[in-house]
Structure formats: structure tokens, C-alpha cells
Amino acid sequence: MKIVPKSSLNMEEDHSFCGKIENYLKEYQNWKLWRTIILGQILSILLCISQYISHHLATSLELVIPTSQNYLRYIMICSVFTTRLAFRKGDKGLISVIKTRGYRYVLIGLIDLEASALLASSHQFSSLINIQFLDCVALPVSIVLSCLTLGIRFRFVHMLGVSVCLLGIGSLVWAGIGGAADNENHSHLVGDMLCVGGAVLFAVACVLQELVCKTLDCLEYLGMIGLFGSCLCGIQMFLVEKSTLMQIDWSNNDVIVYLAAFGFVQFMFYSLLSHVLLHSGSTAVQLYLLTADFYTLVVGIVSYNYRFHAFYLLSFFLTMIGVYIYSIKKLPIFYMLGSREMLRGDDLTVPYNVVAVAHINSQRTGSSEPGGVGGIIGNNCNNIGVGGLPECYEMCSTTPAILPILDNDVNMSMTSALSSFQPT
């Protein structure tokens, strides 16, 4: 087991205030960082389009089929990614993955399906902009789950970026968008509760997707979600919406066009989402999606006669500034060694559990968050060779990189592990 010695690390970094600012600004010269931010905005636009189509189906066409309208998306994902996964051989093949950890993907697929169904159901009760605004609930949920599940430790600059983004959302509230409703005859409370529930489940699904993509790979996640999502969606569609589907006038071209457009946009969104999660993280994705509020307002001004307010532009710029601030500093990430084996369904072969302070190397993921934990992790990629930890993880003896836990509790929290560690 190789650990990077402290003497081999570059400790000549300027820790003065001006030096930190200079180091932060240098990050903006990284094309991979800008690429991730741009892809995040594409995600935001795709989300805005899908929400608009879903709202149009529920209000203008009076077509309320929240489960069925997501079926095409799962079928397309299954056709593309599950097929590719089926051609894999060995432990990464489709049959092997189903045998070892298939039931875990059933749970993730159910969470993803119900999140989409709840969000689609909310459109018949609430306004488009109100739904988009309530989606912000996913941000704090993502932050908490990232800390608990992924072991991410946010720095001051990250929380500052989140705060600036929330100021942008606050400016929308100040502008009075909550009073802009195009569906006042329905119960907004029901729509709000459905939207909040969908946003929470979406945040949970994003964190789990990030965990799978960073410990296994994106193709496996999309392939398994396409397979089990199609099955679960088909079953729920048959049980809940069979009578509604029988009553739809399928000769109406608008119904076919909007359902096909919704399925295609959702397919593009979820295919791109895995890539962005791999290179940034679930919390960063939630920040990117906050700008969808501005794009939705533009759609509302054109389609639903929303009144323009100067605070709309202020909100957009504050949100983008918050995203930039958040992206300045790399995230310190604490991973349990056993997390990879728990996802794979394998048993740990080491005599004691090991908690590793690690991060994902930028050479493998192209992440906007590489660079080390607290600036003390080395730059070389070392193969630990115990418990299946991949080569792209790095360790440093100055942080205690390897911590033996003498009990058998794989789920022991990193906080407890660090507090129980006594350096010699």
C-alpha cells in the first residue's frame, strides 16, 4: 500500500489573501471548468423545455398522464444504453450486473420514476413558474445528502456561492412572481406539495446517480435505469392510468407531437445529466438548474403574459455569479473504501474496514473539482490494491489517509472515524 509522503508534496503555495484570490482566478482559465458550466446551462434549458411541455399537456391539452408521459424516455434510454450494456462481457456485463446489484437499481429506478411523476402531476394544480420556483427545494436536500452519503465537505467559498444563488432566487420572490398564476381555479397547495415531494426525490436520485457514476460508471447506471425504469413505468402506467389512456384521442396530432417532444427532451436531459454529475457533482447540478427559473420566466412572458421585471435579470446574474463562486474551489471529498464494494455487492476481504480520505483524479474524470483535500493531497495516482479502490484515488499521510476501524461497521461515519483517530 503506497502513501504519498509529506515531503513529496508541493507546500510552497501562497496562503495569503491575495495569493488565494489569484489561485481562485486561475481556475477560470481551465476549459474543463467552463465546459461543465456550459453543459449545466444546457441542462437548465432542457429542464425548462420539458417543464413547459408538461405544463402544456396538463393545462392546454388537459392530458394528465404523469407516469405515461415518462415512458418514452425510459424506452429510449433502454434502447440506447441498455443495449450497449448488454454487449459488455465479464463482471461489467448486463447479466452480471443484474445478478450482483440489480435490486439496488430497482430502488433507484423507483425513486427516479416517482420524482418525475410527482413533478408532472403538479402541473395540473399550480402555475409553471411556481413549480419551477419550488424545485429549489432540491438544493438543500442535495447538500445534506452529499455530506451524509458522499462524504463531501463544503468550504466557506462553496457556501458563499450557494448563498449568492439563493439571493438570486430571493430577488424573484421580491419581484412578486409568486402571484403570477395561470391556473388559479385549482388547489395550489396540492400542486405545491406534489412539486416539493418530486423535488426532494429528484435530489435523492441525483445524489445516488452521482455515487454510482463516480464509483462505477455512467453506462451501467443509464443502462440499468433504462431497463428497470421501463418495467416499473409500464407496470405503474397499466395499474394507474389504463382507463385514462383508453380515453385519449390518439388521432390528435398535438398529443403525439408533445408526448414525443417531451420524451426526447427528457432523454437528452438524463443522458447529459450523468456526464455533468460525473464532472461536477449533484450540488453543482442543482445550482446550474436554478437558472431554469429565468428561462421559465421568459417562456411565461411569451406564452402566459407574465409581466417583465428588472429583478428577473438581477436574479439570473446573481445565480450565475453564485455558480462561478461555487466552482472556484475544489471540493474535499471523503469516501469510504467499502462504498464501492457495497454498490458492487461484493464482500470486503480485508480483516478490518478502511476509511480512505480520497478524491477522484482529474485525469480520469476531467472534474472541475480535482486538486486535493485541503491542498495537501499529492498529484500522483496510486493503486491502493485493497478492497478494490480504483487507481484514480489518491492518499496523503498528512490527513490521515488510511484509518483502520477495528469493528465491522462498514457504515461508520467519517466524522466518528476522524474523531477516533489519534495520530502518533
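Cβ coordinates come from backbone N, Cα and C, glycine included.
Automated prediction, rather than curation, is the source of TrEMBL annotations.
Source: prediction; values computed, not measured.
The annotation transmembrane segment is assigned in TrEMBL to 33-53 (among others).
Through the fold, the transmembrane segment (128-150) approaches residues 48, 51-52, 55, 119, 122, 162, 165-166, 169, 172, 177-178, 180-182, 188, 191-192, 195-196, 199-200, 202-204, 206-208, 210-211, 281-283, 285-287, 289-290, 292-293, 296-297, 299-300, 304, 306, 333, 335 of its own chain, all at least 6 residues removed from its boundaries and within a Cβ separation under 8 Å. Annotation comment: TrEMBL describes 128-150 (among others) as transmembrane segment.
Summarising the annotation, TrEMBL assigns transmembrane segment to 157-177 (among others).
The feature transmembrane segment is assigned by TrEMBL to 189-209 (among others).
Annotated transmembrane segment per TrEMBL: 221-240 (among others), in sequence order. Using a Cβ-Cβ cut-off under 8 Å and counting only residues 6 or more beyond its ends in the same chain, the transmembrane segment (221-240) has close neighbours at 65, 67-68, 70-71, 74-82, 84-86, 94, 97-98, 102, 105-106, 108-110, 112-113, 117, 209, 212-213, 270-271, 274.
The feature transmembrane segment is assigned by TrEMBL to 255-273 (among others). Sequence-remote contacts of a segment are chain residues at least 6 beyond its ends whose Cβ falls under 8 Å from one of its Cβ atoms, and for the transmembrane segment (255-273) they are 39, 42-43, 46-47, 49-50, 53-54, 56-57, 61, 63, 69-73, 75-77, 80-81, 116, 206, 209, 222, 225, 248-249, 285.
Non-local neighbours of the transmembrane segment (285-304) in the same chain are 37, 40-41, 43-45, 47-48, 51-52, 127-129, 132-133, 135-136, 138-139, 142, 161-162, 165, 168-169, 172, 177, 180, 182, 203, 206, 273, 276-277, 312-313, 315-316, 319-320, 322-323, 326; each lies 6+ residues outside the stretch with a CB under 8 Å from one of its CB atoms. Per TrEMBL, transmembrane segment is recorded for 285-304 (among others).
Only residues 6 or more beyond the boundaries of the transmembrane segment (310-328), in the same chain, are considered here, and those with a CB under 8 A from a CB of the stretch are 24, 27-28, 33, 36-37, 40, 157-158, 160-169, 171-172, 174-175, 280, 283-284, 287-288, 290-291, 293-294, 297, 368. Residues annotated as transmembrane segment in TrEMBL: 310-328 (among others).
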Tertiary contacts of the transmembrane segment (189-209), as residues 6+ beyond its ends and Cβ separation under 8 Å: 108, 111-112, 114-119, 121-126, 130-131, 134-139, 141-142, 145-146, 149-150, 183, 221, 273-274, 277, 282, 285-286
Tertiary contacts of the transmembrane segment (33-53), as residues 6+ beyond its ends and Cβ separation under 8 Å: 27, 119, 123, 128, 131-132, 258, 261-262, 265-266, 268-269, 272-273, 275-276, 279-280, 284-285, 287-292, 295-296, 299, 303, 323-324, 327, 368
